[in-house]
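Visitor: My structure is below; once you've seen it, I'll send some questions.
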Ligand SMILES: Cc1cc2nc3c(=O)[nH]c(=O)nc-3n(C[C@H](O)[C@H](O)[C@H](O)COP(=O)(O)OP(=O)(O)OC[C@H]3O[C@@H](n4cnc5c(N)ncnc54)[C@H](O)[C@@H]3O)c2cc1C
Ligand code: SF4
């Protein structure tokens, strides 16, 4: 394929995940010349290829990151904080980005999330309010084909129903609903970025049950949809074209080119009028730091010194066990009931947001048990029967507060396949966060007790891990001294550089971020369009 | 429980080898690396590793393996290679190829080769490849079908597109 740069380009977008895909689509459809530079490959999108990847994901013998070919020198990283961060499990590089692997839960942040500091005295405020994002949320739900219902008493206000009907609750949801009702905990449906009805030539969910990391039917949304749409509208997408750095003009006010490498070992410069960084919450700050120049020795758009700072994620908390009766798990790979009753942070800021999830895939599946055992024949079947069928689990996402010491920085020694310093993830938990996880565990245990479950495991403060949502590293704000981008997602320092990503979130609540990423990308596309 | 043509198609779908029910299933191996001997060996392995409640093993494994090998040369040569490794072990310890062993000796041979405790690895040692290309191959095929799943209590197992109603249903 020809990977020479294009001439007379309006917009150059770095990264072909949902943020880059939505912006490329929106801008190309408005008649702008768009080039997308994507570091990873374009995976075959056919059904057969997806089924083979699904097989890799189910069968032991393949590394967990190998389904989407992550790892190696290209993706080298370090994790030097108190808490280990498994970065390559937390992202995919390729056309479609991390949504190839994602779970696809998509909910709006709450109104309070946008003014957390004002309301609770901790965290930070966003420079925009829920109402500013509200129309873009509705558009984002439409773009992603979200299946949802309006039965959630805790959800922020909305005008229209979701574009697709919600998935019905599972059998195990009904067990949880009874127990929760006894305890006064309200349960409700989950908005899912997967089709409950076919649309635009895409299949409805058919129940492969392997959504994360791969949906063979294409019912689960992934960003290849918008990348392909952008291409149909005239955008040019170069895969395996990792951007090495951004260059700026003499005045230091505008980005002039994105320098990218090709598989043939060449380097090219893509010039454009506007640039969009959509490389995810880790690579966005890294690329800005790699783009240091004489004028900007600390990296581009970094006059605040905050590029890479305030890295935060959501923390997982969970309790699981078994009942004395069948629970019918692992038929599908997504959840259909949650509770947002413990979401809103108390006014004294004493704990973060908690989002409860009732799993439809608790415990091992029979095929996993068959493949991973050291027996066969009738003995194996007895083991599978004894271990499958009665598991239940309640998970939760717990809010992490943005703290400056948690950060993405360039590692001083280790370099990637192009000789660039690798990202170093410096990550830790605070005592407040540990307490919020404990609070989530308490609620989860009460529910499990009410169900009469035998609790077998707890993911608590000591064993928690990240939910793979990379936020905060190019935070949005009104003040150039304390933020990297403004409310239009444009960097304070360079007038034609937009950052579209959860990296702009000042705080992240406890909702999975991608619907908000999509809403922000649609908003940013409007602003770029206005400037062009 | 009887494995049927529907299960063969389901198992093939779970491995990205066939598309839809329109496929006509061949049982003639043709002349790739997976020939009659390889298919017979897979059937013999399946008789050891499949639960005794499963019927119709020969036609299920035969049709599945032939179809799967047809357009996946790298997989086909992995199977052929693993069969050769198993035969070599079997000849050394039992003086016969694996297909010629009776049920008890076949089980003893696989266990003696420590295939039960081996980590499946397509690029690993002999026993790891036997585990990956023969044992786990067959178990994946079985447990991603509705019939195999049902043995374990799940009629819509992972890897099988069994729709979106089974997850809502309670136990019978
Ligand atoms: C296992 C898992 C489960 C998840 N589940 C959910 C969920 O249920 N709900 C939810 O909301 N979110 C979920 N997420 C998170 C979600 O995937 C991300 O929020 C989302 O994909 C981010 O979109 P993005 O476009 O900003 O970045 P990405 O999707 O990561 O895309 C960035 C793209 O930029 C490319 N890139 C990086 N550096 C460069 C460079 N230098 N040059 C060119 N290209 C570059 C990358 O290759 C990549 O393709 C999950 C993530 C994972 C890993
Ligand atoms: S259950 Fe998941 S993997 Fe299966 S079709 Fe539905 S969305 Fe796709």
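The backbone N, Cα and C atoms fix where each Cβ goes, glycine too.
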Visitor: Quick one: which of A:46-71, A:72-97 does TrEMBL have down as region 'Disordered'?
Guide: A:46-71
Visitor: Kindly point out the range from A:100-122, A:123-145, A:146-168 that TrEMBL annotates with region 'Disordered'.
Guide: A:146-168
Visitor: Sort the residues of the region 'Disordered' (A:146-168) into helix, strand and coil with DSSP and give the three counts.
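Guide: So the region 'Disordered' (A:146-168) is made up of 0 helix, 4 strand, 19 coil.
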Visitor: Give me the DSSP three-state residue breakdown of the region 'Disordered' (A:46-71), ordered helix, strand, coil.
Guide: 15 helix, 0 strand, 11 coil
